[in-house]
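> Provided herewith is a single structure, encoded as structure tokens, for subsequent inquiry.
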Amino acid sequence: MFPMQFTNSAYRQMEPMFAPASRGQVQPYRPRTKRRQEPQVGNAAIAALANQMSALQLQVAGLAGQARVDRRGPRRVQKNKQKKKNSSNGEKPKEKKKKQKQQEKKGSGGEKAKKPRNRPGKEVRISVKRARQSTFPVYHDGAISGYAVLIGSRVFKPAHVKGKFDHPELADIKFQVAEVMDLEAAAYPKCMRDQAAEPATMMDGVYNGEYGNIQEWRTILYSMRAAEASRGDSGRPFTDNSGKVVGIVLGGGPDGRRTRLSVIGFDKKLKAREIAYSEAIPWTRAPALLLLPMVIACTYNSNTFDCSKPSCQDCCITAEPKKAMTMLKDNLNDPNYWDLLIAVTTCSSARKKRAVSTSPVAVYDTQILAAHAAASPYRAYCPDCDGTACISPIAIDEVVSSGSDHVLRIRVGSQSGVTAKGGAAGETSLRYLGRDGKVYAADNTRLVVRTTAKCDVLQATGHYILANCPVGQSLTVAATLDGTRHQCTTVFEHQVTEKFTRERSKGHHLSDLTKKCTRFSTTPKKSALYLVDVYDALPTSVEISTVVTCNERQCTVRVPPGTTVKFDKRCKNAAKETVTFTSDSQTFTCEEPVLTAASITQGKPHLRSSMLPSGGKEVKARIPFPFPPETATCRVSIAPLPSITYEESDVLLAGTAKYPVLLTTRNLGFHSNATSEWIQGKYLRRIPVTPQGIELMLGNNAPLHFWSSVRYASGDADAYPWELLVHHIKHHPEYAWAFVGVACGLLAVAACMFACACNRVRYSLLANTFNPNPPPLTALTAALCCIPGARADQPYLDIIAYLWTNSKVAFGLQCAAPVACMLIVTYALRHCRLCCNSFLGVRGWSALLVILAYVQSCKAYEHTVVVPMDPRAPSYEAVINRNGYDPLKLTIAVNFTVISPTTALEYWTCAGVPVVEPPHVGCCTSVSCPSDLSTLHAFTGKAVSDVHCDVHTNVYPLLWGAAHCFCSTENTQVSAVAATVSEFCAQDSERAEAFSVHSSSVTAEILVTLGEVVTAVHVYVDGVTSARGTDLKIVAGPITTDYSPFDRKVVRIGEEVYNYDWPPYGAGRPGTFGDIQARSTNYVKPNDLYGDIGIEVLQPTNDHVHVAYTYTTSGLLRWLQDAPKPLSVTAPHGCKISANPLLALDCGVGAVPMSINIPDAKFTRKLKDPKPSALKCVVDSCEYGVDYGGAATITYEGHEAGKCGIHSLTPGVPLRTSVVEVVAGANTVKTTFSSPTPEVTLEVEICSAIVKCASECTPPKEHVVAARPRHGSDTGGYISGPAMRWAGRIVGNPSGPVSSSLAVTYCVVKKCRSKRIRIVKS
């Protein structure tokens, strides 16, 4: 049982029942007198008594399941008083007092009742008091519009509550609005922490609210006294018995005889979830203009009344059916039509039997079933009644399927769960129209639904049956009615086209994973969506003997109650006439009567059927529509993960799948090479892993990522060219030897060309003059000026100083272009006879020294880096060593990346269905299609397209039945069919949207950690971002790529996105994607619908009245049958695809250049340099090809105490960088590193001291890892440090180019000044 606590109002309701008698009086026994006739009471009094009884039952049930608590605490011992001694007879005081009480009770006859405590329990009062202390009102326009509650570390209030706090600490707080809930949250000041309530998890049970108890049962919350709540109570908390808050109230609405609530529930970790009721009204105070009283009442004979409380003498459908039907017809558009319908169908004046169960759900279901008394069952044509066509009481009129699951909604002519008079009955009862035109009800009908196998009947309410059926080409409904087995079979192609799913499981799912799904609603609600129109009843043909009995001249007509009998009569010497009878029994006189064409018309309307001729167009009433589609949250299964083992560069998956599970893989590089496979039973799969990484996803489990470490050979892939050549020859010799052969061939060709050129020059005549042609070397030197230099936002001299400090090689290369320019200028000045000695003299060099000195006195330290834009990549780590300062550790990591495309919705599409106008039959006459086909009744209220209307002649010759056509060839029929959207199109998961994609914006968030300070920087693809942290200046961006996984055309359906070249708007074809198109946001009745589903109207057969047509099945379902792969499976670079909004997240592509200016204030100046010495390094263990697979121990002597940064100087061998504390004396540091080769030589720098660590590494146990490795690869993606030094020694020294240029220039000038002619032999 649920724990129960009482409030004051609950005790006041129970007080008269436990009122004690007067003291000292013995109540005599009185025999029970005859019950007097109780006065008639209205519905309001009955409803109030029912509410009190329901509250009393809940309270008694709570007391029955709750143990009695002894509230008597330990006695208080008074000071300075001696305890009383025991009496002389040796009895204890307690026993004596107990005995005395028993004697008093015995003397009074045992009829003395204990006076109850007329107040709630102590626990309840304490919990309510605690909740009030943490609740604060919100004022709007001087009145309380709602409340906010302090729970845990935050303050919560409903988002619809507007206003401000009248509290000094809470007046200026700023709330954050939740995206999917009616909730706002904010942080409150720390000084109010003592007033905050503790959270608790909301489960099934009974809780304490401001206005009584609140009961939760299967995520449905009811309140027995919510009628006392007023506008402005939104946001009030409700607590458990310990005073912990489990949720806040948003509003409520009537649900049967109780009030159902919409709440926000919490758990212990303050995770919120909204339990919403669609008809709940927010309990916030509306603006002043909306506070005017609004009277919504029904009308009858110009009199207004409360729709839920009409006078039963005038409205009861069993007593006055005509008045009741008139009242329903006059109030069809009233917002409270539901209340009126329930009132007129459940207003029996007879005394109701006392029911044991008063569940609100059961009561409401009973009212829904009883509401079918406003309509009558009917008989319609069935094409197959056990082999032959017939007019069946269970004829199948409509079969609806979403196409994505096995559940069918079937409409038949009979009514399930209804008695013959229209009252609520058992589940096996079936109300139907008999062959004689009378309404019957049969119990134990054994209702069966079949396709290729028997279906599971989920629920049957009224005309509708909900069944879970296997796929098939036909549908059969069978039932036993008064001992006769009836069945009806119709052609229906039941196919299940699943949208993209990862698991095909059946049954209950124990996981917590949920997703949006579409299903038929089984909980009727009071809204227009849950109502269906009924029209005038069509006549039912019966045999004349069932209604008329003749005895010679005297004939008696038997008219069933509530019906009209009509037939043709011809007497002797009299013309043929049609007579109508409406009373119960009438007689007439007729000589030699000839009676034909008898029919019975029900007095109550029924549903319109396409298997019957067209009837009246006026809506007479609306009855419950129990199973409309709705979007719900469905739990999905999660398949158990297999055992994962590594073998070389492969991943082995071994496990057992109890049901089909989808296994998808994709590479995390540019080419995704996506694969998908359905597995079931025992399986063993081998999946190769690449160095770029691979993503595995089994069913609905979280994706798994694996990377392959490169298999390294001997030699060094990050060394000098000859070592690099040895490494590649042993790693992949075929490519290495091919490269060597091509290089040798090119070298031989170049040597031959050079020899030929020298030979030609030797035997040629050369005449060189200095003017006007310049020497070749001068032109070649001038070409160096065309080399583009590096550009930056900093001054040029700052860049030169930074290069001089950090990279002498880059400094030399950067100075090559200015030196060439200086040589050219000097050369020009010299030949213009200008003196350049002053430029190259003492003053020039002095100016240069002053500039360099100024550059060295910079006030900030700049650190530049290029970070890969991949959230899965390891973070960048570095130790900043600056002379004279303690080292600082720098970490840069990519938090997330977002690719947001600019989209335009071209149209949406969904499943198209035909809408059929019941046939218009002209007996012995001709009919024609109307000029405006939208005026046809079946098309009104719907958006139609692809409308077809044909007139068929020579139909139904001499047909006996509902058409009553006795002509042979003059009969005509109008058949009209159009295309419209399915009722499932209003659900987001069943609708596909076609987007055109334009440009995309790329954003990334980078976390920069310097010491203990973290700074978040947002960078973009279209510019440079300048950000400031705590004294940091960061310049980042732009992102090096604008890559997007989305094509120019994409399709979004549910939670998946597809790259698909959809047809343009208005160009759809039957059976293809886009056969139904619309742009309007009104998904039920779009005003711009385009449809082409291939409708073709055919000539009807003459066996029954019907509309014959064909059409093509939905193009969207056919497209889904082709099983296209969504982007969540095929997107390159490991992008995560978000459908709504349309985004690509965490794509591992591109890079972000960054520059970090660190001010001097961030550095701590060294007072004493530790000066480590006597460094020794011992490699404890080493495993190459593994992230941080090596371990080393470094020992050294520290001269002074301080801090030193430890990092690796060997490119390609990363070390776990850190800042270590150095003490005077012996020091030991243990660190880890990653080795890319079997032999590793690592240079480690500690402050300014360097130590070498050398060791041989063992092969890795596995070449597959679950995290992206930190060490580099030998794929040639970077230029190694030794190669840069090797090239720098050739061209990097600035003295080399300067001296060589000056020497060559001098020689050229000398040679050019002396004109000489060399004559060679010809």
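Each Cβ is built from the backbone N, Cα and C atoms, and glycine gets one as well.
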> Can you tell which of Cys835, Cys836, Cys985 is bonded to Cys910 by a disulfide, based on Swiss-Prot?
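Answer per Swiss-Prot: Cys985.
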> With Cys1182 as one half of a disulfide in Swiss-Prot, pick the other half from Cys1247, Cys1253, Cys1257.
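Recorded disulfide partner of Cys1182 in Swiss-Prot: Cys1257.
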> So Cys929 is in a disulfide according to Swiss-Prot. Which of these is its partner: Cys923, Cys949, Cys965?
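Between Cys929 and the options Cys923, Cys949, Cys965, Swiss-Prot records the bond with Cys949.
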> Cys1253 pairs with which of Cys1177, Cys1204, Cys1307, Cys1312 in a disulfide, per Swiss-Prot?
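Swiss-Prot lists the disulfide between Cys1253 and Cys1177.
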> Measuring C-alpha to C-alpha, could you say which of the recorded positions His160, Tyr207, Asn241 are within 10 Å of Ser234 (active site, charge relay system)?
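So the list is His160.
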> Between Asn241 (site 'Involved in dimerization of the capsid protein') and Tyr207 (site 'Involved in dimerization of the capsid protein'), what C-alpha distance do you get in Å?
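So the Cα of Tyr207 (site 'Involved in dimerization of the capsid protein') lies 7 Å away from that of Asn241 (site 'Involved in dimerization of the capsid protein').
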> To what whole number does the mean pLDDT across the region 'Host transcription inhibition' (48-81) round?
54
> Drop a 10 Å sphere on every Cβ of the recorded positions Ser234, Asn241 and tell me which sphere holds the fewest other Cβ atoms.
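Per-residue Cβ counts within 10 Å for the recorded positions Ser234, Asn241 bottom out at Asn241.
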> Measure the Cβ-based neighbour count of Tyr207 (site 'Involved in dimerization of the capsid protein'), defined as the other Cβ atoms within 10 Å of its Cβ.
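Its Cβ has 27 other Cβ atoms within 10 Å.
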> Using DSSP and three states only, what is Tyr207 (site 'Involved in dimerization of the capsid protein')?
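Once the DSSP labels are grouped into three classes, Tyr207 (site 'Involved in dimerization of the capsid protein') ends up as strand.
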> Where Tyr207 (site 'Involved in dimerization of the capsid protein') and Asp182 (active site, charge relay system) are concerned, what is their Cα separation in Å, rounded?
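Answer for this pair: 21 Å between alpha carbons.
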> What count of other C-beta atoms do you get within 10 angstroms of the C-beta of Asp182 (active site, charge relay system), across all chains shown?
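A count of 19.
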> Would you mind checking how many other C-beta atoms are within 10 angstroms of the C-beta on His160 (active site, charge relay system)?
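Neighbour count, Cβ to Cβ under the 10 Å cut-off: 17.
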> In angstrom units, rounded to an integer, how far apart are the Cα atoms of His160 (active site, charge relay system) and Asp182 (active site, charge relay system)?
7
